[in-house]
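The structure under discussion appears below in the form of structure tokens.
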Protein chains: 2
Amino acid sequence: MAESWSFLDTWELDFRPLVVIELAKGTKGETIEWFTKRIVDKKANGGAQLLVKPLVTENGDENIYLVGASPLRLLLGAETVGLVKECNDNSMRTFTYSSRRTFKDFADDNHNFLTMAECQYIIKHELENLRAKDERMIPGYPQAKLYPGKSIVRRLLTSGILVQIFPLHDREELKKLRHSWYGRVKVGYQPLDEIRCYFGETIALYFGFLEYFTFALIPMAVIGIPYYVFAWEDYDKYVMFATFNLLWSTVILEVWKRICAIMTYRWGTLLMKRQFEEPRPGFHGVLGINPVTGREEPVYSSIKRQIRIYLVSLPFVCLCLYFSLYVMMIYFDLEQWALDYHEENESNFSSMMLFVPSIIYAVVIEIMNRIYRYAAEFLTSWENHRLESSYQNHLILKVLVFNFLNCFASLFYIAFVLFDMKLLRQSLATLLITSQILNQFAESLLPYWLQKRHKKRMKKRMCSLKTDTDLSLVEQINLEREMGTYFGTFDDYLELFLQFGYVSLFSCVYPLAAVFAVLNNITEIYSDALKMCRVYKRPFAEPTANIGVWQLAFETMSVISVVTNCILIGMSPQVNALFPDSKMDLILTVALVEHLLLAIKFIMAFVIPDKPRDIQIKLAKLEFESLEALKQQVRATDTQNREK
Amino acid sequence: MAESWSFLDTWELDFRPLVVIELAKGTKGETIEWFTKRIVDKKANGGAQLLVKPLVTENGDENIYLVGASPLRLLLGAETVGLVKECNDNSMRTFTYSSRRTFKDFADDNHNFLTMAECQYIIKHELENLRAKDERMIPGYPQAKLYPGKSIVRRLLTSGILVQIFPLHDREELKKLRHSWYGRVKVGYQPLDEIRCYFGETIALYFGFLEYFTFALIPMAVIGIPYYVFAWEDYDKYVMFATFNLLWSTVILEVWKRICAIMTYRWGTLLMKRQFEEPRPGFHGVLGINPVTGREEPVYSSIKRQIRIYLVSLPFVCLCLYFSLYVMMIYFDLEQWALDYHEENESNFSSMMLFVPSIIYAVVIEIMNRIYRYAAEFLTSWENHRLESSYQNHLILKVLVFNFLNCFASLFYIAFVLFDMKLLRQSLATLLITSQILNQFAESLLPYWLQKRHKKRMKKRMCSLKTDTDLSLVEQINLEREMGTYFGTFDDYLELFLQFGYVSLFSCVYPLAAVFAVLNNITEIYSDALKMCRVYKRPFAEPTANIGVWQLAFETMSVISVVTNCILIGMSPQVNALFPDSKMDLILTVALVEHLLLAIKFIMAFVIPDKPRDIQIKLAKLEFESLEALKQQVRATDTQNREK
């Protein structure tokens, strides 16, 4: 067995640090010893069989550890996590160690066969799957209970002994990536494959979606510009614009599924088997038997969770919605006040003042969104969902409903209660532009500036010390562990979702929205890229095959926008002029058009295949091969049985 | 290998005929010899390793063959087709021969472990998978070309050498089934599990759906009766009825998915892996390379097919739709004529005459539906779809669109163009009742009567002969092979679909429709049961996990019915009276209610889980086990690799 591996003696030579483990200061020696022993221990003994090296820092603290693994260990790990790679015959297949030579670019001495992000993902997976055997608690910390099968790392994290685990940046690679991503001024696509190699599929897919969405908005923007330039105020032109918008938004969402399938097929994640989902770190409960796995683990009654959801979370969300509407009414009072002021003293200043309530309201909306976000996270976490996916779904639902109402309620009110199209256009513009500016600032530029200041201070301190350790590595790790943590693509998608709402819900009164969205998204690409490369710790790569629940959210938004646009068009004076005799005919016509558009939408969504034909054929081919292999196996068993 | 099996010497003793093969009269001897040899030949030689026995009929013709198999062969076949059976621990698992002893009711001498329907399905699967090796043609018939991998049975069928293959009835079992199904007058459920054992899952699922649907209609019928009894003509009561109907129809369709999951889990088909789909028998093309399998087989260009679909089928369907509308206009002329006649000479006869146009129209609709069905089958077959599923989808789409328009266009016209609620109610009643009577007659009673007459004639002829063969078997086979073939559940589902339309589309003007639907369905259960047991040849069992595209069709119908019912309610005088001042408010309210109802529908469909919790847990458990098994396997490979 592993005794025959020689790397255990020579690992100091080719040790490449991949992942950093930061323990709390003053962690007991026995705990560290037990934990590092488990990490390096053989698989057969329940270890992870990885490599660990303490990092000696300037003050001699031993609380930071570097984790790496031998190339062979990584290849075996790639098989365990079920990575899908390209073969020599250009097909995508699940990697197995025994068939390694059939894979493209594989060579025993090619240590770049697995990307660094994949290696770090494998190490994370192996660390998280370090499970308690017969330990009842973490050595040295009797209050940190364990039970057989519990993930050690998760318990260490929840009990605060483990501060963080994060993957290291590769400075050379990062420099190259930065250069090709945003280092030079160029027109063109982002290097999505390189982003995927460095940051993993989830983040690459977000940037892919952002780019695709921006390109998809360009036709809307191009059609929208003449409305501003020539000051077209004819509603019949708006009708054309809105109709185009509605069909276009359906098409782009359907086409995105196909583009997503092409990308994730190339990256291998479309074929990756779903791993069995373990309980999320924060989940707690009394020990019981899990009916699915038959293992002893904490269980939490579903009824208790339902009670928490329906008797606490739901009322709380409703209260927040009510509060948001209340704030909206205050905004309308302010708006009225500004209008009165403007009428009393007509001046440049007073006409500037007209925009102030909208700007204040936009800032308040952003602040409320952010505060609500924390409340939603706290509540969803308190609901104690067993699975990360169920936690995410409940969180997204809560946040989406609130943000939708918070951002759009005032617009709905202006459009369908006040019937004030001029105010609607003004509000829409102010809200959209203010929120874009705030977001760009709060998300990227502020952290970047903070980060830069911190870095300078660190560098000064570093240079004043004289140690003989690898200064640049120590320096790098010290820098990176202080960086902020990137909490996933949630906020980025949410921003795009709200932007899509501003663009599509009332597109027929403000065609210029698409222009602002395109401009914002172009800078968003750069500022998000900056954020990923410079501001935050490197995140662990997460394989993913699609944008998940966001697809549904965008589709729902486009259905709602059909309804709102049809009503807006029906309310326009030009369309009203077409039906001088009877309001009834007008409304019936609008309702008919709306139903037709919705029907066309659903038929289009049904008719356009989710995957392009060549991907379908490739997937069918793989399925056929696995069925054939199964048949061969059955046939072999047949023969064996007959021989008995 | 197979030499050690002893059954080849003794099979005459325990040969149980399961499937009948009827060859064309005068089939050449060399063909018969080659075909039967392939059937009995060993698997290793490309045979099916089944048992074959010629049936000697009265006139000495040797064109009928009985096929059976040894119990061991059937068990191995059950593994090949991937049957899922219940284990001793009450879980459902894919049957494998090596784990046979862990399955419930398995014993080496228990030949009832597999139901007869399963055995016949296995034999059919094995026969259809008899594939040409190096034959270029069927021996004796040079024009019947073969190529490696082509299914021999399919080629024999398309070249007319093989007349039919059908499974034998088990007279004992059938008698028992008939007794418990419809033999005695009783109130209660159908013996669905017994039906499934005898006829397979597809048919059992149809009867399950029919029964469920009937039960689900009862609340609607019960609420509908007082409208007739007390002659409630208040529209506000109709509003309540319609609202209940709309929500109820959503609930029943969602709940059906859950019930279906429970049933098919118990039957094992929910877990059965989909087999790779082979080209359908009628598919033809030039020999080429299939990109999925890499095998040489006929290919047909997708563009040619698209041209046929869009340039021939689509215009033809449109023409048929136009013709159907033309017929409808003739019906309205007739209706007008009858009304004029009634007004001129008021008499009992003339008031009877009022119903005549509707009845004639209902009969014409039925006839047109049937003729169109043949045209649609011909066209879809001419479109040359490669897969049976794609053929079925195109056929169903064609038939559904036409039948929907043909049956409901006149009702839509009366309701939304003529605004004649009285005529709508009368038309609806006549169409519904006439079509139900016609269907019952044409589907079951007529074939039953024909069958009975034929049987009597056969019996007479049989008794006049004196042969020493097993008379009852010969007699049974001769009877059964003359019976009609059951072409699947398509027509039965279509009938239910149209009935659902009659009940739900205009439910608020004719609440009694549900009562007629319930009465019809109760007799439908009996007449369909009669049809299955007495009129048609036994069909091969087909494993299936759900009612497929019909679920979508019913859901679409229930969405359309929300729209129609909202409009009808909006048009009612009582609701109009609520808005005396402005028609506009009325229409806006109706539109708002409609959108709310649709939103509630979609949310309900989203919120109600498709599978009950315990089935979800059972499925998750199986998935967990298979992932664990995979991990074990990977671990074993790890160890092997390390040992190298």
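Each residue, glycine too, has its Cβ placed from N, Cα and C.
Per TrEMBL, the feature domain 'Anoctamin transmembrane' maps to A:195-621.
Annotation comment: TrEMBL describes A:212-232 (among others) as transmembrane segment.
Annotation source TrEMBL lists transmembrane segment at A:238-256 (among others).
Taken from TrEMBL, the feature transmembrane segment covers A:309-332 (among others). Beyond the transmembrane segment (A:309-332), the same-chain residues lying 6 or more positions past its ends with a Cβ under 8 Å from any Cβ of the stretch are 357-358, 360-361, 364, 368, 372, 375-376, 379-380, 383, 394, 398, 401-402, 405-406, 409-410, 413.
The transmembrane segment annotation in TrEMBL covers A:352-372 (among others). Residues 320, 324, 327-328, 331, 334-335, 337-339, 341-342, 399, 402-403, 406-407, 410, 426-427, 430-431, 434-435, 438-439, 442 of the same chain sit 6 or more residues outside the transmembrane segment (A:352-372) yet have a Cβ under 8 Å from a Cβ within it.
For A:395-416 (among others), the entry in TrEMBL reads transmembrane segment.
According to TrEMBL, the feature transmembrane segment maps to A:496-519 (among others). If one looks beyond the transmembrane segment (A:496-519) by at least 6 residues along the same chain, the residues whose Cβ comes under 8 Å of a Cβ in the stretch are 209-210, 213-214, 217-218, 220-221, 223-225, 227-228, 235, 238-239, 241-242, 245-246, 249, 400, 403-404, 407-408, 411, 415, 421, 424-425, 428-429, 431-433, 435-436, 550, 553-554, 557-558, 560-561, 564-565, 568-569, 572.
If you look up TrEMBL, you'll see A:586-608 (among others) marked as transmembrane segment.
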Can you tell me which recorded stretch out of A:212-232, A:238-256, A:395-416 has the most Cβ pairs within less than 8 Å of the transmembrane segment (A:586-608)?
A:238-256
Intrachain residues whose Cβ lies under 8 Å of the transmembrane segment (A:238-256), provided they are six or more past its termini:
209, 212-213, 216, 219-220, 223-224, 227, 232, 500, 504, 507-509, 511, 551, 554-555, 558, 561-562, 565, 568-569, 572, 575, 597, 600-601, 604-605, 608, 610
